[in-house]
């Protein structure tokens, strides 16, 4: 294995020249060495003094060796300066890269913090807006939006906690790695301190140490002073291009990167702690708002249950009133039909009696008319007839009954006229003609036909009155019987109360009106509920049509048609589609910003 060229450093007197050859960036980063570094420098200085005394002793023995040593020292100083400049450039590049990485990480953390703050602000505004709209909507409010917001916030809190735990775990792992690196560096420093450096290379090592301490102290300011002193001592003890020195530089760079990552993790942890603290502060307000929404929901549900119960009661009362009304209508129809039948029978009987009476009257007065006409045509025969017996009217020999009736009517009329004449003292010569003439004079009739017409009219009136009286009597008896039946029925229904049929009818009508009013109120309430149902279904159909282009969730059920029985499933599917779309949009910063801008413009248009 080839040994790398050993770098021989210059003596102590060559340090000012090397120091003046350093660039300004190195001179600015020079710091005060620590206590361990001072001790190491003192040890190195003593060693360098011993080597210098030896070199002077050897120089006095041979001038050639002194000249060769001076040439070698000059060459070694030039090589060391080149190596230091190369290391300085490498360290500056690493420092710049670390600073750029730190600035980029800080910028990303700031952007993440601003995005989280904006999202929290938007969520708070959305929660307040939905809470206010639910408070204003007294009839169609629902507490599901508040529950969804709370669930979403809880999910975000869980995600933030998981991220915080992951960051804490990464930080712990990084700290463990850093401790392991520190242990490795300490071991390397011990190994390097235990190694015996050559006399010729001690000046170069001390020169390299004088440059390495401030550079490492400036690039790893967050590490401890003891660790940096150990690293510097190890770097000074080892050759510049040896594998151990390269490995030491790599470990130092890894230590710097691990420190930067630890700082980033700490800043991210602080950010998440602030976010969690803000969420904890806002949690009571959200819980109070959620409780208010739940109370409103319970109130609305109780009101809906009461309305449904009153609607069912009104429907039952309406049906009972309809049944009572139908029963009363049947009773009234039966009573009217019964009275109609009785009245028809009475009218038929009255018509029969009237026809019979008319026929009898015609049969009674027919012999009188015939006898008066014969007496006017044959006055001689009428005068020759005996005084106490009128002339016999011609009768139909084939109708003995009519003849008998005519004789009886004639005898009764003659007896009546004779009695009247006897009372007036004119009973000597009274004939049928005289009786007819006297009747005409008494009634004011000029003719016998007029007298007969008047007598028939009076007979018909009398017969009508008699028939009406009998009909009224019969109807009265029937009504009395019906009244008794109704009274007995009323006593059975009311327990012997004194309410009349009219009062019962009025009470039934009042109950009917109340039932009709309740039925109208229930119908109006049902109509409102049906309108609300129609509005809800139309809204769901509109939402389903809007989200139809969105993809369905993986592993979910297929598209559900909009029907009366599947409205709940349709709403759940719409929610899942919107949730997946919102997740996809949230992963795209530009799309999220565009969506927020459109939403802000929409709110501005709505407010205007």
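Placed from the backbone N, Cα and C atoms, the Cβ positions cover glycine too.
Those TrEMBL annotations? Automatic predictions, nothing curated.
Cross-referencing 97-120, 121-144 with TrEMBL places the feature region 'Disordered' at 121-144.
Per TrEMBL, the stretch carrying the note coiled coil among 470-497, 498-525, 526-553 is 498-525. The stretch that TrEMBL tags with region 'Disordered', taken from the ranges 367-409, 410-452, is 367-409. Averaged across the coiled coil (498-525), the predicted model reaches a pLDDT of 81.
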